[in-house]
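Worksheet for the structure shown next.
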Amino acid sequence: MSENTIAFIGGGNMARSLIGGLIADRHPAVGLRIAEPDAERRDALTRDFEVQAFEDNATAIRGADVIMLAVKPARIADVVRELAPHIRDQKSLVISVAAGVRCADIDRWLGGESPVVRAMPNTPALVQTGATALYANEQVTDEQRDLAETILRAVGMVVWLTDERDMNAVTAISGSGPAYFFLTMEAMQAAGESMGLDARTAHLLTLETALGAARMALESHEDVDELKRRVTSPGGTTAAAIGELEGGDLAGLYRRALQAAAHRADELGHELGDQ
Ligand SMILES: NC(=O)c1ccc[n+]([C@@H]2O[C@H](COP(=O)([O-])OP(=O)(O)OC[C@H]3O[C@@H](n4cnc5c(N)ncnc54)[C@H](OP(=O)(O)O)[C@@H]3O)[C@@H](O)[C@H]2O)c1
């Protein structure tokens, strides 16, 4: 893990996951600085991770090699404009996890020609099994790309995008994706209960099956279509269920759902960039 100083602006859910991951990855706590307006949240971060927490953003970023923007998307423009002179002086790398906010807009708010990495992590980062896509603008050096990747890899796997427009599809698949699986688990659990299982049994069987299927698919050399085929004997129980799901056009439903999420991500990018 790098010895670089990383300053977080915003000490909420995403910052907490990343800080937890970095500490677990043996990043020195002394190299992590957090700006957070809420005193209770500041105290909790200091208590839980022994990091330095500040009320003032400009104080938190002093001397930082990397500045992680982890406030809500609607606040990014004001935060970046306020810190721009300090960030330019220090030549810090800016990494934004804000959904929908484009690199070009952050660069413009910084005054132009600044290194900016945009990241789209997801909530399983909380348990170090996140999936993050990264995109770097032209000002980001190879060393800074490595640094950004190292930070986000502390909470899961990382992929790089060469076209920032793909962030909308990433948002639709992995950014919003955990909710689709929670919805599926909810539906499976309810179906199990409707057939007489008690809630706890239906819950555990559903979750362990989801975990087992994901782990098996990740560890297998076969693609998921082949894994599905292997558990679906003609005329068997799985075939009966799959027939119902395909009859309800599950693939079409997912295509339309992900297109709706990507479309909304694009709309948000335009709305946020107009600030
Ligand atoms: N959570 C996710 O799954 C996820 C996934 C991908 C990307 N993201 C992105 O991560 C970012 C943070 O999300 P989150 O879920 O961590 O939100 P969050 O829990 O609300 O955390 C944001 C924190 O920033 C603080 N804050 C507000 N204004 C500030 C300012 N001017 N300076 C410093 N701190 C300020 C907030 O305090 P107050 O509450 O007092 O305003 C809050 O503690 C968002 O941009 C989101 O798009 C999140």
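Cβ atoms are placed via backbone N, Cα and C, with glycine included.
All annotation found in TrEMBL is predicted automatically rather than curated by experts.
Taken from TrEMBL, the feature NADP(+) binding site covers I9, G10, G11, G12, N13, M14, A70, V71, K72, P73. All chains included, 28 other C-beta atoms sit within 10 angstroms of the C-beta of A70 (NADP(+) binding site). Under the three-state DSSP scheme, A70 (NADP(+) binding site) falls in the coil class.
Positions annotated as NADPH binding site by TrEMBL: N57. DSSP gives N57 (NADPH binding site) a helix state.
The domain 'Pyrroline-5-carboxylate reductase catalytic N-terminal' annotation in TrEMBL covers 5-100.
According to TrEMBL, the feature domain 'Pyrroline-5-carboxylate reductase dimerisation' maps to 164-268. Here the domain 'Pyrroline-5-carboxylate reductase dimerisation' (164-268) is broken down by DSSP into helix, strand and coil counts: 88 helix, 0 strand, 17 coil.
Annotation for N13 (NADP(+) binding site): same-chain Cβ neighbours under 8 Å, separated by at least 6 residues, are T123, L126. In sequence order, I9 are the binding-site residues from I9, G11, A70, K72 with a C-alpha within 10 Å of the C-alpha of N57 (NADPH binding site). For I9 (NADP(+) binding site), the count of additional Cβ atoms within 10 Å of its Cβ stands at 26 [all protein chains shown]. Spanning the listed NADP(+) site, residues I9, G10, G11, G12, N13, M14, A70, V71, K72, P73 have a farthest Cα to Cα distance of 14 Å.
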